[in-house]
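Scroll down for the structure; my scribbles are underneath it.
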């Protein structure tokens, strides 16, 4: 019985769970299905729902009870869709009320029934454009439009539907991964976005998958990370892969929307291939006359890798004991270039066998050693007609500078290295012996002297001798011959420079006047030694003597202190210089000694005789300048005296020539003809006044002045006027009268009362 009761209780709980599972989805959808129902209010408690919990709500003060309103996006139908209904407890039927809606989309997107409070969506809505709208509801009196309650704000949310497919905004993608990567190695990550609501339902829940690219790659359905799915992917087999990725919403379930993108995956190279010679044996034929450094052959090791991984270096590892060859790498073609380091000689060695190795420059340290390969190179030396070979590349010969013409200087030798052994002929390259000073015997190579030599002109002669085969004149060899000219004593010594000595008048006996040395163009093996002496005529010279300094130089000394420029200004001292050659050579050189005036410290001041007679501190230039100034002053004095004499000449000249009558008036102060007190009118009317002047009666004779005469019509008038003004007088009146018999000039100067003299002038 208890067991039966327990089973019945279990069935009841099971039924309740089924009801719960069945009702919960509808409960969550209640805002959608019950939007057509009124939002009830009352004085009693309102059940808000199981989801919000069992709690009792008291009556709102304003009389409103709100639930969030929803409207389905993209809904289209013949009639507006009902969003919800507003209701207030004031709506009891007796009060004329009106519902008013304001806010976002009020009147355009959303409309309200003023009487019932029903809200309808008038347009098709898109959540991706706007997810929610905020509106304000208010109840007013229908008759008076007076508000019965304060306005209240509520939200209408646009409920999402799956209407947007996933999109890869950053696609298409490119990625790279090293070849031979392990399975599971990450390649790249892609990202898709969905504009649907990620909160509501599975509209934005994405699942990723590969449509193309298996079995090489895989993708994580949730993180979208692409990984290597196949082991040992080789770039040399296939370098690039195109992977197509799909993103599907609704969790990948049927009915979900999808979007695709492409990912181009490139396998990057790793050094996983060794270099490989195209063949194991290379054969070359190299002529023995191939120049050093020239290529003799090429080898090539191919590498399937690329870039730095394909670069190789070549080495000769065997068969080159004589170090005749070297191999280098061409950076462009990656070929090994075989070059000569030493000349080949067919007569000595006719073939070589080398072992060449090619190794990668870059290698994986984990592998322990770089990839490499080897090949054999066989070289056959080809015989060539070689030019003659001199016994020495350079010959050094010597000859005396006084050797006669046709003297044998030396011999050069050359031979033909070929097996046949051709005879050789010798010649001098005349570009190196322009003066043709040497000859060579064409058969035996003896070099002889063609012209006399002078060591002092050219100590060395460098000529080039050529050797040519008789059978093949194109085979020519050259050798340098350096000929040294040996010295003989054929030049006399001479003064090292043109000496000019200075001797002070106040010098002391035994004073060193000059140190003299000599030079010799010859170059004796034992070195130079010079002997100095005075000429026999000067052995008893009373003025000078010489002293040997022991270093191939001498000092010239004064014997007394009575040298004077007035007595003798210059002395000439001949000196004989002799060398120690065989035979000895000598020459006579003259030393010039000038007597000079010196300061107390022995510093030379002047060596001219004229300077001795000049005043102290005055040079000849200063004296000339002083004399020129004196002459200039004398000229000025003479001119001044001449001008003074010219001013004392009479200014009135009697002239009987027929002239016109002129009257010249000055605006200076004057009394005119009525001024009879100032002068005697008879003087103006008396023609005899020309030769003199009539004194004023009212002026003392010793205070009167007569200006000097001047020639020409009224020529003395300006001078007279200036004389009056210079004397402090006033030029009062002037009248000039010309007649047919003679010219009469009279002028009068009036002195102010405070002056002590008056001037009367008659011209």
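Each Cβ is built from the backbone N, Cα and C atoms, and glycine gets one as well.
Note that this is a predicted model, so its numbers are computed, not measured.
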Range annotated as transmembrane segment in TrEMBL, from 612-641, 642-671, 672-701: 612-641
DSSP residue counts for the domain 'Cadherin' (391-495), split into helix, strand and coil: 3 helix, 48 strand, 54 coil
Per-region confidence, the domain 'Cadherin' (495-617) (mean pLDDT, whole number): 83
